[in-house]
């Protein structure tokens, strides 16, 4: 019996009768959807439902309620506003998304740390360059595609391998004859080294066998500048002539232009190979169309410089832009838009511009400087400029003597300067390469 009673007690423990008749108050939480009757006052509920004398709640004032709802349709300025209503077409929605993206990008630019690019504190390597000619009008250093640096030191022409650090003698002239290499340039494939000489000849050397393969003639005085354009080798001389040589042909001369009143000391082909820039000791800068040089018809003639124009460099990311630098009495770096034939920027450095090199990884221009007043900031220094504003980013220390030549490594990271102090200095100034728009100086 005891077990049976216990079973009945447990079975009707939560039954309505048990809870209703029990004089004990139970505090059961009940279910979320089925309420527990122990929590209800059933007598009061029955009275409310059966007593008709209880006052009914007042009839709601629908007019005032409607007025309140109408007010909800107005914003703080009293303009119509509705919640949960689609506004605008997909076109306007795209505009909003675009503005949101722009705001997000601007926030990222504000809060993302971008270290300021600086000029390296010191050189990564210094090599001796004894007997280097202290002559502004020569171009005796070039870094080839195969990572070999060609440099003329006095009467000798050397090849220095940047990977193995091995130096080899390519050629040597007789001191008694007074001849020496006055210009050096690598072919674009890195197989041939061309050297122009004081005696007016041009010699081509096989870089692998270290032997001369051809001699080109046509000039009457020293060849101070040469530049390759595929199989065309262009040379400029103190005889004021510019000659195009097709190195594949037996009779190599394809055109000869003699328009500069002074020595042609600067030559640079554009990256596309269709335009040639020539600068002279006559303060003039000419732009030539490759297909029209035989007719001596130039595209542009610029007379803005007040000294010799040796330093020339075509922009690697905008083929219509050319940078040029003037000599001691000029000191200007000028940027030219060749497409329309105008100067788009001009910076007065108050010092001789001996060389210009573009940075291929950041929008920057490097300049090498020589003579100037003692008070000028750029004298005997390397200066790094932001493109296109040409505001100075940083500069090297004073190197005591002028920098004669500049060239850069095939990967576009290292720049080597040749100085009148008979040294070659290697600077890690252009690297490292970064993704597009990650540099502070990318425009």
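From the backbone N, Cα and C atoms, a Cβ is placed for every residue, glycine too.
The feature domain 'CDC20/Fizzy WD40' is assigned by TrEMBL to 127-427.
Per TrEMBL, repeat 'WD' is recorded for 257-298 (among others). Counting only same-chain residues 6+ beyond the ends of the repeat 'WD' (257-298), those with a CB under 8 A from a CB of the stretch are 136-139, 224-230, 232, 234-244, 304-314, 316, 319, 322, 324, 326, 330, 336, 338, 341.
According to TrEMBL, the repeat 'WD' annotation covers 409-429 (among others). Listed as Cβ neighbours of the repeat 'WD' (409-429) (distance under 8 Å, sequence separation of 6 or more from its ends, same chain) are residues 119-120, 123-132, 134, 140-141, 143-147, 149, 151, 162, 355, 357, 359-361, 366, 368, 370, 382, 384, 396, 399-403.
The repeat 'WD' (409-429): residue composition by secondary structure is 0 helix, 10 strand, 11 coil, according to DSSP. Per-residue confidence over the repeat 'WD' (409-429) averages out at a pLDDT of 97. Look at the repeat 'WD' (257-298): DSSP puts its residues at 6 helix, 19 strand, 17 coil.
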